[in-house]
Amino acid sequence: MMDFLNGLVAFLNFVAIPATAYGAQLALGALGVTLIYGILRFSNFAHGDTMAFGTMAVILVTWGLQALGVGLGPIPTALLALPLGILITIGLVLLTDRMVYRFYRRQKVTPVLLVIVSMGVMFVYNGLTRFILGPDDQNFDDGTRFLISARDFRNMTGLDEGLAIRTSQAITVVAAVLVVAVLFWFLNRTRTGKSMRAFSDNEDLALLSGISPERVVAITWIIVAALACVAGTLYGLDKSYKPFTYFQLLLPIFAAAIVGGLGSPIGAIAGGFVIAYSEVMITYAWKKVLEYWLPERLEPDSLVQLLSTDYKFAVSFAILVIVLLFRPTGLFQGKAV
Amino acid sequence: MRNVLLFAAVGFLIVLTGLTQSWNVALGIFNMGLVSAIMALGVNMQWGYAGLFNVGVMGFVALGGLAAVLVGMPPVGEAWTAGGARVIGGLLVGAGVIVAAVIAFTRMGKGATRTAAMIVILVVGFFLFRSVFDPGVQAIEDVNSALEGYLGGLGLPILIAWPVGGLLAAGAAWAIGKTALGLRSDYLAIATLGIAEIVIAVLKNEDWMSRGVKNVIGLPRPVPYEVDLQQNPGFVEQMAAIGADPVTASSVVVKLGYAALFIVVLGIVLWLAQAALASPWGRMMRAIRDNEVAAEAMGKDVTRRHLQIFILGSAVCGIAGAMMTTLDGQLTPASYQPLRFTFLVWVMVIVGGSGNNWGAVLGGFLIWFLWVQVEPLGLWLMSTISSGLPEGSMLRDRLLESAAHMRLFTMGLVLLLVLRFAPRGLIPER
């Protein structure tokens, strides 16, 4: 029994908790991608760099607050800086839409051209971020590191295995739940949200019923900017902030959005967790957990790690390929075929 | 006439570099310009002829680089005896498992039994593969790991690696095209983005094959070494006769040698591409691009044609990748960055003029020139701006430091401006 509990705690500590936090971050990222896809009908390659830019804005505001001596005690100052960071990101994204995307929207160009345009935007954002903050690692988490540390947990329960919950992980999950709840309330209950869904379902019909397309597009960008900024900041708090890693997040984020079904918000969340759990479970060395759970003679002598962590992209990719082969519309019947 | 002028302008820029900076820098830009032009031709086939959106150029280029190692490097006999058989056996087991799974999928009827059988085959097969493969890898990597620790290559002349690089890239393109073509266009983009990251991850981590991040250095060359030229009395005499410093002259001559080889390859690829574009096949491709539904109604197998051109274009990128690694003389997996190898090539194609092969070549040269020269230009710009600021002030340091990151910003801006104001590029499609 003790063995089982120890194994369970090790599983929670090394697999479930990190994967849940990562999944929440991916879900928020994928929501942004899927909303753009639903309303503006293209895959936004600049999304990763929008996240990087938003996080950079938050970091700069955090530094400002720290210089003023404002803080939240055990909670990272970044949360206080988040609203202003979101506003800055919204400003950038709306400016981009005004200067770049609107022109193409009026011309009704093919979606793939918009993807190429978003590639140009990606370059510019990436350049901006590097220009302002530089390409190096930034650590801006100044809160307490642990909600429960492994040692406290061991003392509390008397188990051999410790369970550590980092503050950033707890904040990630709480923030993600809040953001998603507000988003779904907005999409399903408010008039504007409903007009957005109508626009996504059938553009012509929505136009006939008097929905202003420019307004819907602007609101979409605002929501997407807020989501990107929050997702980026949470990821940066939890892992570390390096502009380049945000570009690499593009693949798991797109995989999550496609696995869930492009254009489907609920699918994006499910997809985020599917991708995160598979990545962590396939790249985790199971030896420790299995030692507790299996009878002694079956105990493995290798690490029981299916793939090295360097191949975590391969996992998102493999899932993506499986979904593309067997169910191209995704788990939740997105609109894309 | 306008096109000739455009090429002359780019040529002038490179010559100007030679006059103001040095001929070595100018030739370096020219050689990479040639390689970039070939990459741009490959992407132009996919995008310009067929409208396929491939953002995995980096992966195909890196596969070409791997070919240079696998063909050009001498084999490491000790490593082969230590674990060669096991690794090959492991790979065969892996291939067998996949074949078995595919057979099970096609032969068995739909239902839970088939799913279960597939899962069992794949899971058991995976562990079988690892149990054969892993010890072999370990044995190989233990062989003199500071210098070797990999299987080496075939020890053949490195020029053979160029077509082989194309074949490797074509193989990867076949696998990815089979999966993602026929679905919507964005999916191909995501799939190619993924395969590129995976190719790089494999190169970085499979030390038995590519030495991973330890890099393979000292690839054999198709041209003589500078040192040999400098010690060749005949060469020194000749150079002295025209009044050139033998050390500088030797590196210029080596670069000219590469340039000659690259020009031959570029010439062949360009000629083939032009001939293909002008043939009935080229017209069919453009017809498919412009209206898939109509082309399908005329009895064209759109997905098959797309697969064909996707493989061809990727193979060209693979050839360019092998050439680039040959030029560098080393394979450094960590240096493959998507912004540099995928997206920059796209900027070349769009700026040059998608659908026009000459445009792709021009874009390759022009954008590569800008990529190299924007940094010194940015530094100059920044020091001019900040010259009014006091020495050692924060802002001044920051501005000077950030000049290094001007490149991406400039490239993005160039791409957006061209897309907006000259969407057909410098040399539009006819």
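Cβ coordinates are placed from backbone N, Cα and C, and glycine is handled just like the others.
The feature transmembrane segment is assigned by TrEMBL to A:20-40 (among others). Panel annotation: around the transmembrane segment (A:20-40), residues 47-48, 50-51, 101, 105, 114, 168-169, 172-173, 175-177, 179-180, 183, 196, 199-200, 216-217, 220, 223-224, 227-228, 230-231, 234-235, 238, 249, 252-254, 256-257, 260, 262-265, 267-269, 271-273, 275-277, 279-280, 334-336 of the same chain, lying at least six beyond its termini, place a Cβ under 8 Å from a Cβ of the stretch.
Sequence-distant contacts of the transmembrane segment (A:52-72) (same chain, at least 6 residues past either end, Cβ-Cβ under 8 Å): 78-82, 84-86, 88-89, 92, 125-126, 128-129, 132-133, 138, 140, 142-143, 225, 228-230, 232-233, 235-236, 241, 243, 246-247. Among the features that TrEMBL reports, transmembrane segment is placed at A:52-72 (among others).
As annotated by TrEMBL, transmembrane segment applies to A:78-97 (among others). With a threshold of 8 Å between CB atoms, the same-chain residues lying at least 6 positions outside the transmembrane segment (A:78-97) that come near it are 46, 50, 53-55, 57-59, 61-62, 64-65, 70-72, 121, 125, 140-142, 171, 217-218, 221-222, 224-226, 228-230, 233, 236-237.
Look at TrEMBL and you will find A:109-128 (among others) tagged as transmembrane segment.
Here the transmembrane segment (A:163-187) has long-range neighbours at 9, 12-13, 17-18, 20-21, 24-25, 27-28, 31, 74-76, 79, 141, 143-150, 153, 193-194, 196-197, 223, 227, 230, 234, 237-238, 265, 269, meaning same-chain residues at least 6 beyond its ends whose C-beta is under 8 angstroms from one of its own. The annotation transmembrane segment is assigned in TrEMBL to A:163-187 (among others).
Among the features that TrEMBL reports, transmembrane segment is placed at A:216-237 (among others).
The transmembrane segment feature in TrEMBL is assigned to A:306-326 (among others).
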Exercise. Apart from its near flanks, which chain residues at least 6 from the ends of the transmembrane segment (A:216-237) lie with a Cβ under 8 angstroms of it?
Worked result: 24-25, 28-29, 31-32, 35-36, 39-40, 44, 47, 50-52, 54-55, 57-59, 76, 78, 82, 85-86, 89-90, 92-94, 97, 105, 138, 140-141, 168, 171-172, 175-176, 179, 183, 186, 192, 195-196, 199, 206, 246, 249
